[in-house]
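Over in Swiss-Prot, the protein carries these features:
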type    : residues : note
DOMAIN  : 95-171   : domain 'BTB'
DOMAIN  : 206-308  : domain 'BACK'
MOD_RES : S466     : phosphoserine
REPEAT  : 361-408  : repeat 'Kelch 1'
REPEAT  : 409-454  : repeat 'Kelch 2'
REPEAT  : 456-502  : repeat 'Kelch 3'
REPEAT  : 504-557  : repeat 'Kelch 4'
REPEAT  : 611-662  : repeat 'Kelch 5'
SIGNAL  : 1-15     : signal peptide
Amino acid sequence: MAAAVAAAAAAAAAAASFQVLEMESMETAVAGSASLAAEVRGSGTVDFVTGAGISTLVDTGGSDPGPEAEDFECSTHCSELSWRQNEQRRQGLFCDITLCFGGAGGREFRAHRSVLAAATEYFTPLLSGQFSESRSGRVEMRKWSSEPGPEPDTVEAVIEYMYTGRIRVSTGSVHEVLELADRFLLIRLKEFCGEFLKKKLHLSNCVAIHSLAHMYTLSQLALKAADMIRRNFYKVIQDEEFYTLPFHLIRDWLSDLEITVDSEEVLFETVLKWVQRNAEERERYFEELFKLLRLSQMKPTYLTRHVKPERLVANNEVCVKLVAEAVERHALRAENIQSGTLQQPTSQVSLLPRYGQNMDVIMVIGGVSEGGDYLSECVGYFVDEDRWVNLPHIHNHLDGHAVAITESYVYVAGSMEPGFAKTVERYNPNLNTWEHVCSLMTRKHSFGLTEVKGKLYSIGGHGNFSPGFKDVTVYNPELDKWHNLESAPKILRDVKALAIEDRFVYIAARTPVDRDTEDGLKAVITCYDTETRQWQDVESLPLIDNYCFFQMSVVNSNFYQTASCCPKSYSLENEEAVRKIAGQVSDEILESLPPEVLSIEGAAICYYRDDVFIIGGWKNSDDIDKQYRKEAYRYCAERKRWMLLPPMPQPRCRATACHVRIPYRYLHGTQRYPMPQNLMWQKDRIRQMQEIHRHALNMRRVPSSQIEC
């Protein structure tokens, strides 16, 4: 009994002791809270404090009580959560669904159905219980664009994107990422792939990207790729990938009026090549594609010698009939021309060239007209239609400038007008526009400009206050920069150039007999090796074709020395070119040329195939009544005689001319182009100065006339 009482007393004492300790603990906590509240009150902020299982909102002080509740958001929580979930997926923790990619090496990818269903609407119905995939926990992924299916690394990256929202896309993986994004309805990832491909769009991949854009309905990407293909169609059809396109895309391109092509003959050969790549499957499409060709734009000889005998044409009644109609149309046109009957312009679109068809044009650039006015207007002789057309203005006053033709541009540089003597512009035929590029390093005119291996070489020239230049400079279009090379051994003025083997530059020029004066100029012909940078005088230009023969037959005349000549490039080897150098040159090419033409100065000379053109110039250079010319002459190699062409819209001298191929869209109808703003302002300024000068002269004449009276 005593023991029981003692035990009860001990228990009561222990309970009392615990209550005391609990009260002390509470007091300590309250005291701590009061102390912390005092500190907070001093700082003027609000904190949410958690202590010993009791949450207390602490007053911030001041007259207005703080809010009773506030929201808390951890900015990194979502990203950390998605990262942890992805780590769990990679370790196979808590996964409840398996994605089976039969093509990806037979690999299976474990995942969480809740994450996949939240990431994309593709998985929401699939895993909601209505389909067998939800019950079995396996989703079979089949039917991919390629037989093996997407690479395992790409699949892993896209699944990781659904967890984390991050992915790295490369040019090698973008097509598979795009296919997976399209399959899984990952809209933002699909749009990103479209923007990525836009940045990587290039002539070498535009066909493939255009196909991808169509396949996955990326409309903006498809438009941009189509525009690149359309403007470079004549290059695109040289790529083997073009001939892997399906019928409907080939049909769409042949139906396009804007595709840039060199001729309908090329399109006919393109259709044949596409069909022959898989004749068994594609021959049934030939008739439909053949109907899209503009046979009336093909030469009659080509129709009869190449198109008509072709097996696919000869065995098809519809195709045979179309060829016969085109040949008959050509015969009727020739009969009208021979009889002098004016042919009414056709309104039938199928009989006209495609708007994107490249047409042969002799382009005339810059120069001076009557009254000494500089001409910024460019004009072109449209060879097929035997008429002159207007082309865009240049932004400079060009006189004594040089011209050079590259694969994509026409470059003009230099001028006698000091304000434009260093300026370089280039013309883009596909866009029908001029643009400025890096200026020359020296103000000059009457120099040589020619292309070698994609770079422009500027050689020699003449300055307004210099007897001439020996300098050689090179322009790199990729860097848009000029740099100096070693100078020529002598001054070279009035330079005409030919390029051989994409290395050697043959030059006909004049050099001063006395370097200290401009009097006494002698003709010189020399060869420059652009690789060794060595110079060697030669007896003549290589007599390769009519253009070379013509230049050498007039090389010592004032007509040639004051003319501008478009440079020409030849692919033959230099050894063969050297064998064509000769001391004696036949002047047979001049026999049918009117004698008065060779008395012209400041003419523009250029070539088209094996024909030669002489355009503009002036007569009576020493007389007050200088006669500016607008006549143009053409040496027809086929007929071996000179012909007088329709006159230019206005006379001009010291212009340059060159052959260029321009899309028909810029040539049909009557084109009008505005004068550039910088030249408009300068023209107004000159007019004002002339009026001031005229007024000053009138003021001086008044007293003089009064005295005479």
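For all residues, glycine too, the Cβ spot is worked out from N, Cα and C.
Other Cβ atoms within 10 Å of the Cβ of S466 (phosphoserine) number 14 in total over all chains. According to DSSP, S466 (phosphoserine) is assigned to a strand segment. With a cut-off of 8 Å on Cβ pairs spaced 6 or more residues apart, the repeat 'Kelch 1' (361-408) and the repeat 'Kelch 5' (611-662) reach 3 or more such pairs and are scored as touching. Residues in the repeat 'Kelch 3' (456-502) partition by DSSP class (helix H, G, I; strand E, B; coil) as 0 helix, 25 strand, 22 coil. In the predicted model, the domain 'BTB' (95-171) shows an average pLDDT of 82.
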